[in-house]
Amino acid sequence: MEAWYMDDSADDQRKPHHRSPPEYVSLEKLAELGVLHWVLDADSFETDPELQRIRKERGYNYEDFIEVSPERLANYETKIKNFYEEHMHTDEEIRYCLDGSGYFDIRDPEDRWIRIWVKKGDMIVLPAGSYHRFTLDENNYLKAMRLFVGEPVWTPYNRPQDEHPVRKDYINNFLKTHLDKIDVSLSTQHAATA
């Protein structure tokens, strides 16, 4: 898995959208945003003990599969547009890439997009309340296992949702410390120039 800050171009969403020069984002930075990641053996997902361990520890007791491509997904154009609309969920979004590749974009505390490139074997968890979106890359294909705790619910809440209790929890748990540091830094700069 690789991640980087996106440029502001409105070009094809399937392009990498690197800044110039590229600004890569570490796994540690993603973890600060609540993003979890594992690299697993996608060819043996049915019997992989590591996947079973993760599922048991995190309570992922339901799975289904999705293939995202113009040929495989009914109402492809409508669905890919919906996936790319900035939104949040009240539950984690858990995806295990079994084949192909695609991008999950997530907002950082300063509201900048971070693009996360997932490929075969990558399992990613986006935290509940995080603003994010998904698109295929230029390969135009992804097969993923979707995991859920309990009954599968995939209800997107399009931005803005800042008053939603789950969004507030996400801000308090993952963004508040960073935002407080920015406020202190700005206050210090303002005091120094006054």
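Glycine too: its Cβ is placed from the backbone N, Cα and C atoms.
The Ni(2+) binding site annotation in Swiss-Prot covers H87, H89, E93, H132. Take the CB of H89 (Ni(2+) binding site) and look out to 10 A: across all protein chains shown you find 19 other CB atoms. DSSP assigns H89 (Ni(2+) binding site) to coil in the three-state reduction, placing it in neither a helix nor a strand.
Marked as Fe(2+) binding site by Swiss-Prot: H87, H89, E93, H132. In this structure, H132 (Ni(2+) binding site) is part of a beta strand by DSSP. Around the Cβ of H132 (Ni(2+) binding site), 23 further Cβ atoms fall within 10 Å across all displayed protein chains.
Counted with DSSP, the region 'Disordered' (1-21) comes out as 0 helix, 6 strand, 15 coil. Annotated region 'Disordered' per Swiss-Prot: 1-21, in sequence order.
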* Additional residues surrounding Fe(2+), by Cβ distance to the H87, H89, E93, H132 centre under 8 Å -> M88, L126, S130, Y131, R133, P156
